[in-house]
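Trainee: I have a structure here, written as structure tokens, and I will follow up with some questions on it.
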Amino acid sequence: MFVDQVKIYVKGGDGGNGMVAYRREKYVPKGGPAGGDGGKGADVVFVVEEGLRTLMDFRYQRHFKADRGQHGMSKGQHGRKSEDLIVKVPPGTVVKDEKTGQILADLVTHGQTAVIAKGGRGGRGNSRFATATNPAPEIAENGEPGQERDVILELKVLADVGLVGFPSVGKSTLLSVVSSARPKIAEYHFTTIVPNLGVVETGDNRSFVMADLPGLIEGAHAGVGLGHQFLRHIERTRVIVHVIDMSGLEGRDPYEDYVTINNELKEYNLRLTERPQVVVANKMDMPDAEENLQAFKEKVGDEVKIFPISAVTRQGVRDLLFEVANLIETTPEFPIHEVADESDTSVMYKFDTEGVKFEITRESDGTFVISGYDIEKTFKMTDFSRDESVRRFARQMRGMGIDEALRARGAKDGDIVKILEYEFEFID
């Protein structure tokens, strides 16, 4: 089974906690603070592995959580940074943020990497907070939380050639004849619901990958039937082989099929029409095929080169493969997203934290709820088991303008204020 889209959860490792410690050595009566910083949490890094062909492995493991950094230690020793969590993906994987739809990475070449979830920085130890007025601070930070998100992985088939055409025109049969692929073949529509890949050898030391793509019907660009699944897989192909049934047994007109398929390709993505297209008249071994072919040629004109074949008897297949191989050699790849520096195999990760620093809402019971990236991060990095840390957090809230905003919303002494799952009283 070919899995081409899957949703997974990734979380960068939390930073290690900073430590509160003091030098306790003989002959050093006033050693001062010596708590080390926590280590950085591990990133979740996606790496392209050319040996992979599907996203099947992600059906069995959908959660990837990187290790947190080591906690700070005494004697000013910093915690160790955790090793990044490496997640291998097949070439052609597009990674999207499930919430925003933003494309985080388009991974094509072997060894290409992208950081999908950043690990948090380590919390600072108490030696970082020493000042002239507070030479022995009882204060240290918790590690910064690692970023977490749900992402959608989409696999684009990295085939050189894509077979397109209406269902049951003989695409699966053709692929099985010219390669070692063994797609399921039957005489009903939508037999092929996932792409089948096959390596084709032309006999003159040339080879290419051909994909028998899911059947296409009118309205595919709008998502009708299997449309979007089909069109996602054809975006990366360099040559399109358009297979048309000349037998007439399905009751459809070959020319109307030809026009409909091309309209769908044009509607979905204009760049699809830039690819060279080879028109294949299949099922020429059937009784009315020759007559239908002549009528088809009259309608399309002389500018369209047509290859009459029979996938069953292999008539004309050899000439078709030579033509396709020639086109591949002269046709460049069509990347979906332009890359500024093709020599760089890494993807720059940008995490936008701009926006509202905090937001205050009020629940039906009168509780004030404070939310926002900055305040929640500050809250998580505060060690509430130490009084100095609590006082520092209160100062940080005042500095962000939260106290003033609460008063403006009508908060009074004793009112309940909630951040994440924690509650405390407002003191004016």
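Every residue, even glycine, has its Cβ placed from backbone N, Cα and C.
Sharing the feature lines straight out of Swiss-Prot:
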- 165-172, 190-194, 212-215, 282-285, 310-312: GTP binding site (BINDING)
- SER172, THR192: Mg(2+) binding site (BINDING)
- 1-158: domain 'Obg' (DOMAIN)
- 159-329: domain 'OBG-type G' (DOMAIN)
- 350-428: domain 'OCT' (DOMAIN)
Trainee: On the DSSP side of things, how many residues of the domain 'OCT' (350-428) fall into helix, strand and coil, could you say?
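Mentor: Per DSSP, the residues of the domain 'OCT' (350-428) fall into 29 helix, 17 strand, 33 coil.
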Trainee: Which of the three DSSP-derived classes (helix, strand, coil) applies to SER310 (GTP binding site)?
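Mentor: In three-state terms, SER310 (GTP binding site) counts as strand.
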Trainee: Select one residue from LYS171, LYS283: among these binding-site residues, choose the one with the most other Cβ atoms within 10 Å of its Cβ.
Mentor: LYS171
Trainee: Just to confirm my parser: what is the rounded mean pLDDT across the domain 'OCT' (350-428)?
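Mentor: Taking every residue of the domain 'OCT' (350-428) together, the mean pLDDT is 85.
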Trainee: Sorry to bug you, but what's the C-alpha spacing from SER172 (Mg(2+) binding site) to SER310 (GTP binding site), rounded to the closest Å?
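Mentor: Per the Cα atoms, SER310 (GTP binding site) and SER172 (Mg(2+) binding site) stand 13 Å apart.
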